[in-house]
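Here's the structure we're looking at; comments come further down.
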């Protein structure tokens, strides 16, 4: 029907080289056609700047999958949290998660997500997005309760902005979806600029 909003975008299907349910959810909501093939890439960091780190990691994820699926369009993404210049990845233990959340109390931190789209040996687009986040103060009991819920162990910085942790988000400067793990607005603009999407 003329004028009806397209639920699925008119573009080639992308392979998402990530097992993140949040990234899958965001692509689905945006109507970007995709399938998931999780990357087994080893995360080796050679860069020092946060934006370059996430771009490098997203490229490694995409490259690993594209080697097994030549000719396909592959999207890799990676997210880190940075506090006072220190990179916080996913927590290794519950104690580590609690330590991260305690350290972020009363201080702004930055969330970086790098995205790389490649086909064979050619990089179609590669970029990163940065968002600043500030928490409301949390008691030690609140931190412990959240960590014990298990919702933090697969997330950079030991929290997810969506879900139950939302009540502790005081300020956000930048793209909300970037904090979830995929800046879909920026991704869509990049895909259009590269004539992958219309």
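Cβ coordinates come from backbone N, Cα and C, glycine included.
Bear in mind that TrEMBL entries carry predicted annotations, made automatically and left uncurated.
Taken straight from TrEMBL:
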- 22: site 'Important for substrate specificity' (SITE)
- 78: active site, proton acceptor (ACT_SITE)
- 79: site 'Important for substrate specificity' (SITE)
- 162: site 'Important for substrate specificity' (SITE)
What is the nearest of the recorded positions 22, 78, 79 to residue 162 (site 'Important for substrate specificity'), using the Cα of each?
22
Long-range neighbours only, meaning 6 or more apart in sequence with Cβ under 8 Å: which ones does residue 79 (site 'Important for substrate specificity') have?
54, 111, 112, 113, 114, 156, 178, 181
Which whole-number value in Å describes the distance between the Cα atoms of residue 78 (active site, proton acceptor) and residue 22 (site 'Important for substrate specificity')?
12
Around the C-beta of residue 162 (site 'Important for substrate specificity'), how many further C-beta atoms are within 10 angstroms, looking at every protein chain?
16
Under a three-state reading of DSSP, tell me whether residue 79 (site 'Important for substrate specificity') is helix, strand or coil.
strand
Listed in sequence order, residues with CB under 8 A of residue 22 (site 'Important for substrate specificity') and six or more positions away:
160, 162, 180, 181, 182
Three-state secondary structure, residue 22 (site 'Important for substrate specificity') (per DSSP):
helix
